[in-house]
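Worksheet for the structure shown next.
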Amino acid sequence: MSSRRPLLIVFALAALALLLPSAAIEPAFGHAVPVKYSIAPNAQFHEKSELPQQLAISFSERPDPNVSYIRVADAQGQRIDNNDFAVIGENGRQAAVTLDTGKVRDGIYTVSWFTMSLDDGHITEGAYVFGMGHEVVPAGGPSETRYVTSYEDALAKWPLIVAQTAIVGGAMAHAILRKKLEEEGAAGRFLRRFSIILLASAGAVAASATVIMLLQAGNLAEAAGVPLGQAAQSLVASSPAGAVWLIRLAASAIVVAAGAVLACMMKKGDKKPLLLLLLYAILAAGAVSLFSNSMLSHNSAAPFLPALATALDWAHFMAVSAWVGGLFYLALVFAPATRRSPRQLATALPRFSLVATVSLGVIGVTGIYMAWVHLHALDSLFSTPYGTSLATKLAAALPMVLLGAYHQLRLHREIVVLARSGGQEYAATSRFGRTVKAEALVGIGVLLAASFLTITSPPAQAMTTHQQSGPHFMHRVNVDGVDIALEISPFQPGVNTFTATLLEGGTNPPQNIASVVLRLTNVDAGVGPLVVTLQKTGDGVYSATGGYLSQAGEWKMDFIAQRVNAYDLNHSFTETLVSGQAMPPGMPAMPEMDEEDSNTEMLPSFDSFAALALGLAAAVAGGSAFYARQSRLQMKKTLAALG
C-alpha cells in the first residue's frame, strides 16, 4: 500500500462523518427541553370549551417517567391537572397530563415542568403561562427556561474524568513501554507505583460517581419534595443515571482487584502472561467506565444516528485518555524510572509520540463533528456558554500540543546524543521529567474544561422579544462601580419584559459583559429558580420577554452579569408581586408552535460552517497521518543511531 493511501482513507472517513448529519431534520439539544406544546406558551382561550382536556409537551430528549412531572396551577397555586403524568407517543419524547376542566376559571395559569433526561441524565425545569377568559390575554414568545446543571456537578465530574483517563491511558502506556522498564531492571519497583496509581484512580472513580449520584438525588428531592434517601433509591432502581453509577462502581471494583494483584506481583516473580491479562482487564474496565460517560451525554440524544454519535463520543474519550492518561504515566512512572537511562527514554519517546499523534487525529475529527452538531453556527463558539467552554478547552489544549512538539522535535535529539555519548550528565532527561509533568498538569486543566462542557447545554434558539405597555417596576443599584437599572414591565403576573441597563460612571456602557442572567424564585409558591437570559439589544442594554413572573407572591431576584477579566456583577433582592391585575386586552395570542417550522429555524448552518468544519477535519486528519508517519521514521532512526 502506498504511503498516501492511509491519508486518503482517513480523509474519506472524516468527510463521511461530517456529511452524515446534513440529512438531519432537527437540531441536537443538550438537555430535555420542550420543542412543541399542545397548549402553547402564552396562549389565550376565550371559552372553557376551547381548552384541551390534555396538556402535552414534546421534549428534545426522553423524559424519565419515574421522576419527571408536568403541573398546571392557577394564580393561587391550586392545581387543575389530575396529577397523572405519563409518557406517550412512539419515541418516548412526549409527556402529558389531563386537565380537570371543572376547576378552570378565568385567569392566568402556570405550567411547570421538571424532567430528568433518559438520554443524558441531566435535569431541566421551566414554566410558562396561558390565559383563560376575555379579560386575560397574555402575549409574547415561548417562555420555557432550562435548568443548567450547577458548578458543583462539573467539579464532581472533574476527578471522575481525570481518574478514568489515568486508568485507561496508564494501562495503554504500560503495555507499550513496560519492556523499557524491564530492560532497565526497574519493572518491579515501578509496577508497584503504577498499581498504586490504579488503586487511587479506581477509588476516585467510585467516590466521584457516588457524589454525582447524590447531587442528582438532591436536585430531584428538592424539586419533588421527597426525602433524599427516597430520591436516591428511585434513581438507582429505575433511572439510567442509577445504571451508570452501578457500571462505574463495577468497573472500579475490577480495577481495584487487578491493581491489587499487580502490587503483589513484584513479590511473586516474573509472570508476564498474567501481567498482560491484568492489563487487558484494566483497560477493558476503564473503557467501559468511559463508555458510561457517553451513555449520559449530549451525543446520546442526537436526533440522527444517536448510536454513531455515542460511539464517536466514546472514541473521543478513549483518544483523550490515550494521550493525557499516557502523559500521567510518563510523568509519574516512566520518567522517574529512566532518568539515568537516556537510551531507554530515547527509544520510548517516539513510541509514545506515535500514540499521541494518532490520538490527536481522532480527538480532532470527532471533536469537530460534535462541535458542528451542537454549536449550530460558528458564532456560537464565542457567544454562548457552551461555545465559551469549548473555546476554553481548545485554548488549554494548545500548550500541551506545543510541549509535545518540543519533546519530539528538540528534546528527543538531545536525549539521543546523550545516549550515544554514554555521558553521565542527565540534564536532558531531568528536563524531560519536569516538562512532561507540566504537560500532565495542563492536561488536568483541559479535563476540567471538559467537565464543564459535559454539563453545559448547547445553544438553543434565541427567544423573540416583544414590547408591552402597562405599569412597570424599576430597581436601581450600583455594584462595583457599575450602575444597574432593572425594569420589569408590566409588573404583574403574566408575561413581562425584563430590561437591564448597565453604565459605568453614569454614561459609558461596560464593554466586558459576557452575559446577563436573572434567576427568579417565588419564595411563597416554591416555584423556581427560573433562569432568564437577557439578550443584548443595545449599548449596555439587555432584554428578554416571557411568562416568568407567573404567580403572585414574594419573588427573590438574583441579577448576574458575567464579565471578562473581572469579577462578576452579582445583586440579589426580593419584591412582592400583587395579583388581581389583568394583562392589557387586545394582544394577539401566540399560535401553537409548529414542529417543522421550529426545527427548520434551529437547524445549524450547512454552508460556510459545514465547509469550515470539513476543511478543519481534513487538515487535522491529514496532519495526524503525516506526523504519525514522522514518528515511525523517528523511531527507526533512533534505533539505527543507537545500534
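Any Cβ shown, glycine's included, is placed from N, Cα and C.
As annotated by TrEMBL, domain 'CopC' applies to 31-131. Summarised by DSSP class, the composition of the domain 'CopC' (31-131) is 6 helix, 49 strand, 46 coil.
Positions annotated as domain 'Copper resistance protein D' by TrEMBL: 347-453.
Look at TrEMBL and you will find 158-177 (among others) tagged as transmembrane segment.
The transmembrane segment annotation in TrEMBL covers 197-218 (among others).
Residues or ranges marked as transmembrane segment in TrEMBL: 243-262 (among others). Remote same-chain partners of the transmembrane segment (243-262), defined as residues 6 or more beyond its termini with a Cβ less than 8 Å from a stretch Cβ, comprise 121, 160, 167, 191-192, 194-196, 198-199, 201-203, 205-206, 209-210, 212-213, 235-236, 274-275, 278, 281-282, 284-286, 288-289, 292, 295-296.
What TrEMBL lists as transmembrane segment is 274-294 (among others).
The transmembrane segment annotation in TrEMBL covers 314-337 (among others). Long-range contacts of the transmembrane segment (314-337) within its own chain (CB-CB distance under 8 A, at least 6 residues past either end) are made by residues 164-170, 172-174, 177, 180-181, 184, 186, 189-190, 193-194, 197, 286-287, 290-291, 293-294, 345, 348, 352, 355-356, 358-360, 362-363, 366-367, 370, 400, 429, 432-433, 436-437, 439-440, 443, 446-447, 450.
The transmembrane segment annotation in TrEMBL covers 349-372 (among others).
Per TrEMBL, the feature transmembrane segment maps to 384-406 (among others).
Marked as transmembrane segment by TrEMBL: 440-460 (among others).
Positions annotated as transmembrane segment by TrEMBL: 609-628 (among others).
158-177 is the stretch from 158-177, 197-218, 384-406 with the greatest number of Cβ pairs below 8 Å to the transmembrane segment (274-294). Secondary structure of the domain 'Copper resistance protein D' (347-453), assigned with DSSP and counted as helix (H, G, I), strand (E, B) and coil, comes to 97 helix, 0 strand, 10 coil.
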